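*Asks:* Pasting the feature list from TrEMBL:
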TRANSMEM  B:21-42  transmembrane segment
DOMAIN    B:23-252  domain 'ABC transmembrane type-2'
TRANSMEM  B:62-84  transmembrane segment
TRANSMEM  B:105-130  transmembrane segment
TRANSMEM  B:136-160  transmembrane segment
TRANSMEM  B:181-205  transmembrane segment
TRANSMEM  B:225-245  transmembrane segment
Amino acid sequence: MIEVKGLRKSFTLGKRRKTRTVEAVRGVDLSVAEGEIFGFLGPNGAGKTTTARILCTLLEPDGGEAVIAGADLRKDPGAVRTKVGYVPQGGTTTDEVTAREELVLQARMYGIGKAEAIERAEKALAAFELTEFADRACRTYSGGQRRRVDIAMGIIHEPKVLFLDEPTTGLDPQSRAHLWDEVRRLRDTGMTVFLTTHYLEEADALCDRIAIIDHGEIVALGTPTELKHGVAGDVVTVGLNGSGPRAAELLDGHDYVRKLELGDDGLRLYVDDGTTAMAQIMRVLDAGDIHFDTVELHRPSLDDVFLIKTGRSLRDK
Amino acid sequence: MKFLRDTWLIFTRQMLLVWRTPARLVIGFVQPIAYLVLFAPLLKTALAPTGAQTYADAYRVYVPGLLVVLVLLSGFFAGFQLLGELRSGVIERSRVTPVSRTALILGRAFSEVVTLMGQAVVITVVALPFGLTVHLGWLMLAYLMLALMALMACALSYAMAMLIPSPAALGPLINSISQPLSLLSGVLLPLSLAPGWLVAIAEWNPIYWTTNGTRSLFTGNPGDVSVWAGMLIVIALAALTVTWATRMFARQVR
């Protein structure tokens, strides 16, 4: 659905002699399948928004190629426009007008006739649970409601691909969860969703695949599980009361145990898949009649992935 | 015609916004009306040397000047609103659609022009009880000239806003252009009161011609040279500035 090769873009900042060039996107390659929620995860200034804006025809790339829903970005940006929807970071609802007016206008700007635009607005309002406030001015909406209007505007022309730039920034946890459900619902209708985020939880919970981007380059790409397993497996820590050495002896040599460490806090087992390994470990200990106090599972997070790939943590930001 | 349809779409949307924020509309004519009520009455005596005998005569000279100031100055400030909309993302949201780029800017300019003409009509009506009388046909022609001036000022302001996209720098630039333009056109008092050298300079100012043209129409002299000269000048300038602004906009926003 989206094929990108060698995309690059740089900006010149500053005035007259004191200029410097910032390479915002430095050779991004990616491929997004139909019906996928694809996440672009990275810190602020990593090039996420620039990439999304290029793919939506808002910025002209310096180099590289992209084909979106069969349309060539450089040769036919007009065709790309009819096939993508874009929801920018800040939101674009106008205080003085109503959600219904916003939706009708947006549909009309896509060349849709008046009667059909009104009908589509009505459907979109119902789908995003906005009917109740549809005829109130946007200034009276909550942040979550406004964001839903933004997304409804982004899909009013039934695009193949929807670009969401930082969709949940500034939303409270409840609105965020609500929005995630909306995005999943769109994916379930067959829409491809490309979203940028700097929230680890969002990338992890919502995205089918993630590209981690830093300084304009993709440093890791895969499903959240693949990425996390790529850095290190899960760790199961068993708190044992004195019988550590004997437990280690019993568990050593099982094929699901990659590595085993006996420490002060108990026995640490490095495994591929923590959930199944935990059950197997408990069975072995039970069979050996070894009593244990605690069993803990630690799975690597996307932050661990980011840390290993870039040497920095996303959380510090 | 996609382009006309898109322009109409943007125009109606901008008019809706004007309608929903009446405060802005009212602020637009509070000042002209204050001048009309508190300053214009002095002019019967002041304009006596030019042959003004009655209040009607004075208002026929003053009201057109006031309207020129209104359309010119308000038009010149249209660029600020464009900058605001470029920043807020309202225009970006349109740009991801296949809507005509020229329509995005022309629809906005036309809504400014219509708003200004609405204010001009209100000001004319308010001047009637003070004794203003004017031939309806010539008045319509004067409104056309004013509308073209408004379009020109708007387009010029849009082009400058894209050239200098910083409100802090745009303000002084606009002031430094609009002040000499209006002083050298005799908007407050006709330059027929001015010494020869001042008129000689003013003759190089296109707004001098359009102001005199509007005034001649109000005073019932449609045959005056300034009417057709002013009309030709303002048509040419409007065409020029609109072309410039749409080109700048299309290049800037892709």
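Each Cβ is built from the backbone N, Cα and C atoms, and glycine gets one as well.
Keep in mind that TrEMBL annotations are predicted by a computer and have not been checked by a curator.
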*Asks:* Among B:105-130, B:181-205, B:225-245, which stretch has the most Cβ pairs under 8 Å to the transmembrane segment (B:136-160)?
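*Replies:* By Cβ pairs under 8 Å, B:225-245 leads among B:105-130, B:181-205, B:225-245.
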*Asks:* Do any residues, 6 or more residues outside the transmembrane segment (B:21-42), come within under 8 Å Cβ-to-Cβ of it, and if so which ones?
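*Replies:* For the transmembrane segment (B:21-42), the far contacts come to 55, 58-59, 62-63, 66-67, 69-70, 74, 115-116, 118-119, 122-123, 126-127, 130.
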*Asks:* Looking only at the recorded stretches B:105-130, B:181-205, B:225-245, which one has the largest tally of CB-CB distances under 8 Å to the transmembrane segment (B:62-84)?
*Replies:* B:105-130
